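Below is one structure, written out as structure tokens; comments come after it.
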Amino acid sequence: MHVRHLQVTDFRSWPTAELTFGRGPNVLVGANGQGKTNLVEAVGYLANLGSHRVSGDAPLVRHGASSAIVRATVVNEGRQLTLDVEITPGRTNRARVNRAPVKRPRDILGILRTVFFGPEDLSLVRGDPGERRRFLDELLASRSPRFAGVRADYDRVLRQRSALLKTAGGLRRGQRGRSDDAALGTLEVWDNHLARFGGQLLAGRLDLVAELSPLVTAAYHELAPGGVATVRYRDTAGPDGGARAGQGPSDPESLAEALLAELRRVRDQELDRGVCLVGPHRDELELTIGDLPARGYASHGESWSFALALRLAAYDLLRAEGSEPVLVLDDVFAELDQRRRSRLAAVAGRAEQVLVTAAVEEDVPAELTGGRFVVRDGTVRRGD
Amino acid sequence: MYEGPVQDLIDELGRLPGIGPKSAQRIAFHLLGAEPADVTRLQEVLQRVKEGVTFCDICGNVSEQATCRICRDARRDAALVCVVEEPKDVLAVERTREYRGRYHVLGGALDPLSGVGPDQLRIRELLGRIGGQYGGAEVTEVIIATDPNTEGEATATYLVRMLRDFPGLTVTRLASGLPMGGDLEFADELTLGRALSGRRSV
Ligand SMILES: Nc1ncnc2c1ncn2[C@@H]1O[C@H](COP(=O)(O)OP(=O)(O)O)[C@@H](O)[C@H]1O
Ligand SMILES: [Mg+2]
Ligand SMILES: [Zn+2]
């Protein structure tokens, strides 16, 4: 698939901007701070309904404006769809497909698929487990959009259950009365719902990791010959502390059972601490190089290779399913050494579409000659 | 930002459901230009709803008397009770014209984040109703029609547990097909009517 047309209004630094992209490489060149990343971030927003840089929507709206609009025309196997999202922080965003409103913004997920590689990706390796869970969940939702709903339901139940644990735990420590019994009685209800959505999310992630894991190992091997990188999913309900990998299709119901059993086991502890200790929100995608965990041990170069291997594996996975995702490479070539550069350039050079940003032309490998855009002083002009 | 009371008014209006910043501003300036008598009338009506509205002793719906019109209506099947979250949901079910039973309004849904547990809802009243006699009949079926969202589903699960042990009582849940994550009141009549007639025992 590819993005033919992008139009933004009051998005980040841009009051308005409009670009027509071609197939193959499209390179946005301009000095730092000119708004290049802002433009590709807008493309990423339509794919994930979130930014790769911030968790909330507020920073995405141009300072002083109350809402932003991102619109793109996506061509997929000859079919053309126009997506737009109106981003209004503090209210529900609105999305449309071919100008017809959809019920919820997340109904547009899966229409535009991107694989986004940028400087922030170092935190895929070095950051908190939450970064890696987000990587998995975004990829999951982009493959099967229903997981965005599962994840949203899970998060909502989790917040409710955590609130209940806090109050019920507090009551339990103090005077116990009829009212706390009622509250504890509802805890079981929330346990069930948490386990149900948790089981679904967990099944999705486990299946995803099973498919992704050999691709990551292969991609890393090409970037750093001799290096053996592995990924492994560790979950709070798993056997023996939960390391699982590649165990074939996962069954949401039996995973829900396992979560429920674990919830029962730690209930007292949860009430004492007032936190939800079991569920996919506590899980970790473990990255190892050789025998050592990548986080805390890998060198700067190895960390970059691992981050890139994860993105390339995601790209391979989505591509193997038919519609090729749009590859976005945000300001990354300057960061990479020669081998990683040329490996990435080889993949990107064959992509149906790749959007590249760079501060100077010299940073962009020769394979990626194609559409050029010069971004300067709040304007985008087509280069030659 | 406007100064003083005008901005306060815009802020208050903007807090109302379904009113965005632009509408809030439009309404505020409309009120600013309106006849004093019109504004006074609005003010009085607002005062009256807060002071004067009472709730039905039996079902918890809004009512002008001790019991509401539906609970007084002898033609409505007292053996059938439809449990909803809010009075507005009663209206939504009534609009379908499919339902001839009575209601029970919980006054919300389980929502720990807002401090709402079973004791803040009219659940005890519901259990009391099932044991006793109202309108000369005993309750034989409870239809759970809480909203199809996280809190509504949790409330439904909880109610099913509480009602499970009543002998001879059938507990049903609206058939799926309602837009998930939504609000009962936003379902169109046809969909809600279908969900009601296709309800399943739980
Ligand atoms: N919400 C916003 N409103 C106005 N300006 C913004 C907003 N968010 C970011 N910017 C500006 O955008 C610029 C960064 O743009 P970016 O696309 O990251 O630059 P680059 O061309 O280096 O990729 C900064 O100058 C920043 O101040
Ligand atoms: Mg940048
Ligand atoms: Zn009544």
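Positions of Cβ are set from backbone N, Cα and C atoms, glycine also.
Here is what TrEMBL records for this protein:
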type	residues	note
BINDING	A:Gly30, A:Ala31, A:Asn32, A:Gly33, A:Gln34, A:Gly35, A:Lys36, A:Thr37	ATP binding site
DOMAIN	A:3-361	domain 'RecF/RecN/SMC N-terminal'
Cβ neighbour count within 10 Å of A:Thr37 (ATP binding site): 24
A:Gly30, A:Ala31, A:Asn32, A:Gly33, A:Gln34, A:Gly35, A:Lys36, A:Thr37 excluded, remaining Cβ within 8 Å of their centroid (ATP): A:Thr357, A:Ala359, A:Val375
Across the domain 'RecF/RecN/SMC N-terminal' (A:3-361), average pLDDT on the 0 to 100 scale: 91
For A:Lys36 (ATP binding site), the number of other Cβ atoms found within 10 Å of its own Cβ: 25
For A:Asn32 (ATP binding site), the three-state class that DSSP assigns: coil
Residue with minimal Cβ packing [other Cβ atoms within 10 Å] among the binding-site residues A:Gly30, A:Gly33, A:Gly35: A:Gly33
Entries of A:Ala31, A:Gly33, A:Lys36 (binding-site residues) sitting next to ligand 1, with Cβ under 6 Å as the cut-off: A:Gly33, A:Lys36
Among A:Ala31, A:Asn32, A:Gln34, the one of these binding-site residues whose Cβ has the fewest neighbouring Cβ atoms within 10 Å: A:Asn32
Residues among the binding-site residues A:Gly30, A:Asn32, A:Gln34, A:Gly35, A:Lys36, A:Thr37 that border ligand 2 - Cβ under 6 angstroms, in sequence order: A:Lys36, A:Thr37
